[in-house]
Each structure stands twice: as C-alpha cells, then as structure tokens.
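As structure tokens, the structure follows; a few thoughts come after it.
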C-alpha cells in the first residue's frame with residue numbers, strides 16, 4: 001500500500017494540485033477511461049487501499065486510509081504517546097477492520113485502538129458535528145491544518161471535533177480527487193475558509209449516478225438527463241458528457257465497456 005503525503009502546514013495552490021494529481025494517479029485503474037476521464041478499479045485490483053498522510057505546520061500528522069475502488073475513508077491513524085493509534089468507522093466490516101488496523105499500524109507491539117463510535121455517512125458526520133447540513137462546516141487549508149492539531153496526539157476529543165475534522169478531510173481529499181470542481185473550489189478559496197456551495201453538495205451526493213451516466217453515454221450524449229444543482233442552487237440539467245467533464249476527476253467503477261475518448 002502506497003502513501004501519498006500532503007504537507008498541509010506549508011501548502012500552496014501548486015502543491016495541493018500536485019497532491020490531487022498524485023492521489024488520482026495512485027488510485028485510478030491505469031487501463032480504464034470513459035471519455036478521457038480516468039476510472040477507479042474494481043475491488044479486486046491490488047493494492048486495495050491508498051494511504052494519505054496529512055501533516056500540519058507543527059509536524060503533527062494524521063494518516064487517512066482510503067478504499068481504493070471508491071476513495072471512501074475507512075479510518076485514520078495518529079501518533080499518541082509514541083504509539084500508532086488507529087481509529088476505524090463502526091460500519092467497516094470485521095475483515096476490512098483487520099486490514100485497516102494492520103495497514104495503518106503494522107507494528108502490533110506498538111499500537112492502540114480508539115474507535116470511531118459512529119458510521120461514515122455524511123448524515124451521521126453532520127449530526128455529530130452539530131449541523132443540519134455540511135454546507136455549514138467551512139473548508140479550507142487553515143481549517144484542515146488546525147483540525148489536525150486538535151486530534152493528532154491528543155488524549156481525548158469530542159465526537160464533534162472529530163466529525164468536523166472528518167468532514168473537512170473527506171471533502172478536501174476524497175471528494176476533491178473525485179471532482180476537479182471541488183479541487184478548484186479549494187484552490188480558488190485557498191487562503192480563506194469557505195462553505196461548500198450547492199453544486200459541491202450535489203456532485204458529492206450524485207457521484208455514482210454521474211459515473212454511471214458518463215459510462216453509459218452514447219457518442220457523448222447521456223441516455224437520460226442528469227438533474228444536478230448549480231452553485232447558486234438553481235437546477236442544472238446535464239445532457240452531454242462535455243457539460244460535466246471539466247468538473248470530473250475520477251469516475252466510480254462501472255463494469256462493462258464505455259467510449260474511451
């Protein structure tokens with residue numbers, strides 16, 4: 001399993017762009033593309049996981065473990081009292097849990113568990129963060145940097161603190177890798193905090209559906225219109241691959257052939 005490192009504490013727009021490119025290249029199936037957009041592999045391709053190590057300005061780190069075939073965050077690790085401390089979402093199966101534990105913290109003599117006692121769904125994370133929508137949780141490099149420091153090496157923290165970190169990290173890492181539009185939102189707002197707009201949320205919620213629609217398109221036309229949201233919350237109807245292609249980073253895995261260019 002390979003580790004992609006991102007120095008959040010010394011980040012620039014270019015370094016973030018390079019991080020995104022590295023993550024996409026590490027995760028994608030080198031043989032799959034639809035309309036020029038790279039696709040994630042099916043769940044059998046090894047390595048099955050990707051690690052993303054985030055470092056803050058004071059060199060504290062948190063390592064996220066992503067399932068390669070869909071970029072879902074399964075858990076994370078930090079260094080606590082000189083030991084590798086691992087945290088796993090409670091909706092991860094026992095088989096995968098063992099994988100997470102052994103991948104994040106390979107040394108069984110120097111590790112300890114601090115469970116995430118809730119699941120990885122956005123609705124749950126929002127609830128734990130005390131918001132009705134993740135549009136209320138600001139994203140940004142400084143926020144990610146300070147969130148790392150609230151968890152890494154800290155003995156106790158609230159579910160709220162942890163869920164806020166996870167909402168920020170999942171969107172700035174996994175969602176930004178899936179969607180160039182989200183990566184570009186981070187870059188456009190690089191030196192300030194920002195609230196994810198309705199288009200960001202709409203893309204996040206429809207990634208599977210969008211991937212399927214692009215995969216099944218005929219000569220660039222979708223077989224049925226996709227109804228999404230614009231940044232200003234108006235309805236966005238997508239009829240052709242070209243209309244959404246600039247926003248895409250990676251497609252979710254869909255079996256069967258598609259038009260590659």
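Indices start at 1 and increase along the chain as displayed.
Including glycine, each Cβ sits where the backbone N, Cα and C put it.
Feature annotation from Swiss-Prot assigns N-linked glycosylation site to 10. Around the Cβ of residue 10 (N-linked glycosylation site), the number of neighbouring Cβ atoms within 10 Å comes to 11.
Counted within 10 Å of its Cβ, the other Cβ atoms near residue 258 (disulfide bond) come to 17, all protein chains included. DSSP classifies residue 258 (disulfide bond) as coil under the three-state reduction. Per Swiss-Prot, disulfide bond is recorded for 34-258 (among others).
Sequence-distant neighbours of residue 105 (disulfide bond) (same chain, six or more apart, CB under 8 Å from its CB) are 77, 84, 85, 86, 111, listed in sequence order. Mapped onto three states, the DSSP output places residue 105 (disulfide bond) in coil. As annotated by Swiss-Prot, disulfide bond applies to 84-105 (among others), with the evidence given as sequence analysis.
Residues or ranges marked as active site in Swiss-Prot: 175. Counting only residues at least six positions away in the same chain, the Cβ atoms of 182, 200, 203, 204 sit under 8 Å from the Cβ of residue 175 (active site).
On a Cα basis, residue 10 (N-linked glycosylation site) lies 35 Å away from residue 34 (disulfide bond). In this structure, the C-alpha atom of residue 10 (N-linked glycosylation site) lies 40 angstrom from that of residue 258 (disulfide bond). Here the disulfide-bonded residues are 34, 84, and the one with the most other Cβ atoms within 10 Å of its Cβ is 34.
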